Amino acid sequence: KETEEVFKVKKSSYSKKIVKQLKKEYKEDLEKSKVRTEVNSPTDVEPPLEKTGQIKDIGQEDGTENSEHGEEEMEVESEKEEEKPKAGGAFSSALSSLNVLRPGEIPDAAFIHAARKKRQMARELGDFTPVDSEPGKGRLVREDENDASDDEDDDEKRRIVFTVKEKSQRQKIAEEIGIEGSDDEALVAGEQDEELSRWEQEQIRKGINIPQACIYQPAEVNNLYYQNTYQTLSYGSSYGIPYTYAAYGSSEAKSQKTDNTVPFKTPSNEMTPVTIDLVKKQLKDRLDSMKELHKANRQQYEKHQQSREDSTKAIERLEGSSGGIGEQYKFLQEMRGYVQDLLECFSEKVPLINELESAMHQLYKQRASRLVQRRQDDIKDESSEFSSHSNKALMAPNLESFGRDRVIYQEQVKRRTAEREARRARRRQAREQTGKMADHLEGLSSDDEETSTDITNFNMERDRILKESSKVFEDVLDSFYSIDCIKSQFEAWRSKYFASYKDAYIGLCLPKLFNPLIRLQLLIWTPLEGKCRDFETMLWFESLLFYGCEEQEQVKDDADISLLPTIVERVVLPKLTVISENIWDPFSTTQTSRMVAIVQKLVDGYPSVVNAENKNTQMLLKALLLRMRRTLDDDVFMPLYPKNILENKNSGPYLFFQRQFWSSVKLLGNFLQWYGILSNKTLQELSIDGLLNRYILMAFQNSEYGEDSIKKAQSVIACFPKQWFANLKGDKTISQLENFCRYLVHLADTIYRNSIGCSDGEKRNAREHIKQIIKLLASIRALDHAVTVANDHNVKELKILIEGK
């Protein structure tokens with residue numbers, strides 16, 4: 001009744017059949033706990049089998065061989081027993097005899113036979129559990145039965161432990177449903193009908209397929225074997241039951257067992273008894289955990305709800321502002337397409353613009369080269385005309401001094417001479433008409449006149465290039481080549497969406513974008529010509545002048561502010577570089593003045609040009625210096641004639657000498673016009689070392705000493721920038737002018753010596769010339785030389801002359 005009441009706890013969770021089986025299994029376990037006994041047997045006697053059919057090998061160290069031997073013996077004996085008649089009563093009495101074996105009693109042959117018969121029955125019924133094949137575990141190998149009686153007295157104290165190490169699944173289920181192992185009445189209730197209950201137990205165990213095997217520990221068994229001691233683990237301890245049962249045995253036997261056995265370690269998987277308080281505690285803990293989980297889920301739910309509300313608000317806000325973004329996206333897409341089309345257009349037209357620009361530069365270069373070559377040929381012709389014939393010319397009278405055919409050469413010389421004299425006559429006539437004939441000196445005019453044929457050919461080629469340039473964009477819409485249209489597109493972008501305009505770096509891209517269009521407008525722009533238009537008055541400059549200035553407040557670091565300076569740097573400076581290298585003639589004072597004016601204008605008005613690290617500025621200055629050095633090396637020529645030839649001032653050699661001298665002085669003045677643009681060191685190297693000391697001083701020494709030399713010296717000093725001498729300290733001038741100062745001192749001495757023995761009027765003229773020389777020395781800050789001249793010639797007005805310089 002108590003068992004049935006216990007099973008009512010969770011009876012609804014199981015079927016009736018399962019509950020019935022569990023009841024039977026529980027009764028069988030209680031019955032088996034009474035059957036287990038402790039038997040002291042010698043080593044040779046085979047111990048009784050455990051209920052699972054597994055055998056512990058405690059007699060041999062070599063477990064494998066003993067197991068095989070034991071199996072063979074048991075199989076042979078089982079075959080013999082099968083032949084014997086099976087009597088139900090005898091077998092029941094034999095089985096019941098297993099329960100009456102007292103502790104310390106030696107089993108007889110009938111007991112051993114009953115154990116074997118029990119195992120054979122299990123085999124026939126299919127309930128025999130095979131021996132565990134795990135390594136380290138083996139079946140008990142029994143020794144020969146004939147040797148069992150030899151060591152009975154020696155091993156009486158050895159005990160064999162029959163116990164279950166682990167709980168079966170059935171026992172765990174029984175504990176969960178509330179069956180307590182301490183129920184004595186339930187244990188007593190299953191003592192009857194032992195054979196039937198055992199068979200039912202094996203069938204249930206087979207059905208649930210949970211073998212209840214003992215945990216075999218070889219090390220402990222061997223230890224027990226050598227100690228000749230076994231321990232019986234109580235049935236209740238392995239199933240979590242606080243009571244232990246022994247089938248039979250007196251209190252003395254139990255005390256002897258306790259004293260002589262080594263305690264067996266209790267398995268670690270023991271379960272505490274299930275009580276109502278424990279169940280309540282577990283249910284309470286589970287309820288608390290569920291409440292905490294519910295609280296966390298509730299918080300997560302509220303968080304998701306808040307996130308959903310925020311997302312809804314964001315959607316509403318973005319939907320309200322999506323109109324402006326859509327318009328911006330549409331505008332940017334249109335600008336993207338426009339820019340792509342514009343770049344594709346430029347990719348086709350820019351090569352044509354480059355070709356036209358190169359053709360125009362080549363046209364101007366050819367004209368400039370032709371003029372320079374004509375001047376060089378004229379100098380060679382005049383020099384050859386007034387020089388003596390070389391020995392080579394005497395040996396080969398049909399050849400001129402350069403080895404060319406004399407007849408052809410003389411015809412060319414005559415033609416060039418006639419053209420040269422005609423140009424000079426026209427210039428002389430023009431000076432007479434303007435009244436400048438008195439102040440003019442031969443060699444100061446630039447011989448850059450062209451023939452009508454050359455002018456016509458030049459104009460025809462230039463017109464052809466201009467005509468071709470007008471056809472470059474004739475097949476293109478205005479929005480893709482007009483600067484105003486292109487500018488308006490980007491101004492709209494700048495005014496509407498300045499952030500994206502700035503992020504796209506449009507301010508840095510516009511100079512490169514306008515570059516080909518501006519170069520096309522500057523195709524015939526040449527600042528060396530008097531009728532050339534100033535680039536600041538052109539349409540492209542006026543159109544881009546106020547780009548990006550429509551806002552009231554300028555943005556910091558706005559690249560559009562420097563749009564025009566950047567265009568000038570990238571378009572105008574490269575064009576000036578080409579003009580300086582190929583077109584500019586340093587001998588022409590007019591061209592030099594115009595070139596200096598345009599460069600000075602860029603230096604003063606455009607900060608990027610002044611920057612020394614600017615690549616385009618460096619290229620321009622380098623081109624200017626190369627052109628000046630080339631002129632100094634190729635075009636300057638100073639003839640040397642005896643003084644008796646130069647005495648005739650109407651002779652050809654004298655006129656040629658004077659022309660070359662004054663052309664050198666003019667070149668000196670042209671070089672020094674670059675003061676303030678080129679460095680002083682570079683200018684002094686070119687003008688003083690390269691021109692004055694190398695050519696002009698040589699002409700001074702070859703000239704007559706008198707008023708003409710003083711006039712020439714005054715012209716040379718007038719070319720020098722006054723800033724060179726303003727900041728000089730001491731009485732000495734710059735080192736490069738030291739030779740020129742010595743010449744002036746020598747000139748004063750020569751004039752004084754030539755005046756000795758002359759009339760008083762000539763002496764007064766000589767003294768005035770010496771005072772002029774002192775002024776010239778003071779003007780170039782050569783005070784030491786001025787004092788020397790004054791002291792040598794007894795000039796007392798030195799202070800007045802120096803201050804009146």
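For all residues, glycine too, the Cβ spot is worked out from N, Cα and C.
Bear in mind that TrEMBL entries carry predicted annotations, made automatically and left uncurated.
These figures come from a predicted structure and were not determined experimentally.
Region 'Disordered' is the annotation TrEMBL gives to one range among 278-312, 418-452, and that range is 418-452. If you look at the region 'Disordered' (418-452), the same-chain residues 6 or more away from its ends with a CB under 8 A from one of its CBs are 367, 371, 374-375, 378, 381, 458, 585, 587-591, 655, 658-663, 665-666. Computed over the coiled coil (280-321), the whole-number mean pLDDT of the model equals 91. Each residue in the region 'Disordered' (418-452) gets a DSSP state, and the totals come to 18 helix, 0 strand, 17 coil.
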